[in-house]
Amino acid sequence: MEGQAAETNHRAETVVRAELCLSAEQGPETTAYSQKRCLFLPMEVWQEAQQLLALAAPAFLSQLMIFLISIVSSIFCGHLGKVELDAVSLAITIINITGVAVGTGLAGACDTLISQTFGGSNLKLVGIILQRGILILLLFCFPCWALLINTESILLLFRQDPEVSKLTQIYVLIFLPALPAAFLYQLLAKYLQNQGIIYPQVLTGFIANIFNALFNYILLYVLGLGVMGSACANTVSQFIQMILLFLYIVWRRLYADTWGGWSQACFEEWGAFIRLAVASMLMLCIEWWAFEISMFLAGVLGMVDLAAQAIIYQVAIVVYLIPLGLCIAGSIRVGHGLGAGNTEQAKRSALVVLCMTELCALLSGILLATLKDVVAYIFTSDPNIVALVSYVLPVYSACLLFDACVAACGGILRGSGKLKVGAISHTVGYYVIGLPLGISLMFAAKLGIIGFWFGILACGIAQSIFLIIFVFKIDWKRASEEAQTRASERVEIPQKIDNKPSVYQEGCPTEQGDVDPGNVESIEFSQSSTSSEGTSPTPAGAAQHTRTLILTRGLALGCAVGTLIIGIVIRLSV
């Protein structure tokens, strides 16, 4: 208890130092300005908005850096020819929806677990959650590989062009080794992000994009490797991005207060992690897959509809990054508040992020609707495509308002651990309402691609109503108790202080302490009595528990490898 009290006092002092430092940076003019704004908004709301923006801006930039790697690869392939460009675009799409989306979604479990645990000051448990995430995400690489190695067969099954399918398979096979790197990057990013540390992802992502452009230029223009060169550039860029972020964490000692070394505890509590991870994955993948289905359906309508839908989709991705940044910020703030037992702050964060997200979406929608006749010229000069994009964009602008609301609610659900509700909402919204209605309007009513967006609009309205009602009915006290239960796994680490400070951000200290754990000699875990996987205090019970862990985790590894073997057999036999 004394150790916990000391840690709490230390963190409180650190927060005070950070606030004093922020006030010093702002100066008297900024302080006066803040006081004026408080005439229109309560001080707490204004401060919450500032903290959300401080997290949302770098979160937006970090997501943009990830998005640009694929875009740059497609741009460099523009000169290769139609077949090659189609193959690269198709390969990137397949990798995203069957690989990257899965890893990103699974890593989303950390939005609940790490944010709440960090908010509850159980810092060493954050490192254990990261270890569990590493092991679980690496296991999920195997079924993804099993699917990806059969890309050509799947494309031919859907009557895609044989030459395009073959080149697509080549690209995907070259990319396979990079999938674990992409997964681990997402996990490391979540590890930092949910501690309120986001700028390292922006920096490393920017450097990775420079390398990506350089590799694409050399491999495509200098060496003339074509599709293989583009795939190699993308693969190397994924490794560079992950390695740079890892090295930055080590260099700046961002791990110091949360990493206690590898422990047997990383093999425990997989059930809780996987339940959250699968729900998070479904929230992301269900939406992503729905839009990829729309691309396939647009292709059935003709080349003009396909090109217009592709342009609108690219615009939608870029515009969506703004509410996504706020969604990430809201998830962090809500998780921290609940983990710390501060329900008022969690409720305030939820309300403010909803309002801010809708305001940004409204401004973005108005801008898009105003520029509807101009946007398409960024991508093409074909008058038919430009006219169709101009016709559909106002409907998408309306969709954006509700999509942003769903995104903000999704962030609140992640921070509060209600991911299952989000997964169910997305499933019903897209596959019971949105897609059936959109497809009917596209083909039966002969509205074309605008019919699809009317379906998405109906989906957004239905989801927004449901999720807003759910968010406003959340029992925040109970959610806080659940968060503190998740973070109740105590970690005791005898440490040696070596007086090396841990640095989390340049400039001011963060909410974390700056004491280095030093050389960790041992880790002891005392699980709460409610844990389903708690260890027995007796030596015999501990030995039995270890044997059970070896058996169950070995079976998990065997199942993962088995799926890859099945995939290889299918590839060789087809």
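Cβ coordinates come from backbone N, Cα and C, glycine included.
Swiss-Prot assigns LEU130 and LYS473 to topological domains of the same name, so the membrane does not separate them in that record. Per-residue pLDDT, averaged over the topological domain 'Cytoplasmic' (190-204), rounds to 93. A contact between the transmembrane segment (272-291) and the transmembrane segment (87-107) is present, since 3 or more of their C-beta pairs, 6 or more residues apart, lie under 8 Å. Long-range contacts of the topological domain 'Extracellular' (292-309) within the same chain: residues 93, 97, 158, 376, 380, 382, 384-385, 388-389, 392, 435, 438-439, 442, 448-449, 452, each at least 6 residues beyond the stretch ends and with a Cβ under 8 Å from a Cβ of the stretch.
Residues 51-53, 55-57, 59-61, 63-64, 67, 111, 193, 291, 294-295, 298, 349-350, 353-354, 356-357, 360-361, 364, 368, 375-376, 379-380, 385, 389, 392-393, 396, 400, 403-404, 407-408, 410-412, 415, 449, 453 of the same chain, all 6+ positions outside the transmembrane segment (310-330), place their C-beta atoms under 8 angstroms from a C-beta of that stretch. Note on the transmembrane segment (169-189): residues 62, 87-88, 91-92, 94-95, 99-100, 103-104, 106-107, 110, 130, 133-134, 137-138, 140-141, 144-145, 148-149, 151-152, 155, 201, 227-228, 230-232, 234-236, 238-239, 241-243, 245-246, 249 of its chain, located 6 or more positions outside it, place their CB under 8 angstroms from a CB of the stretch.
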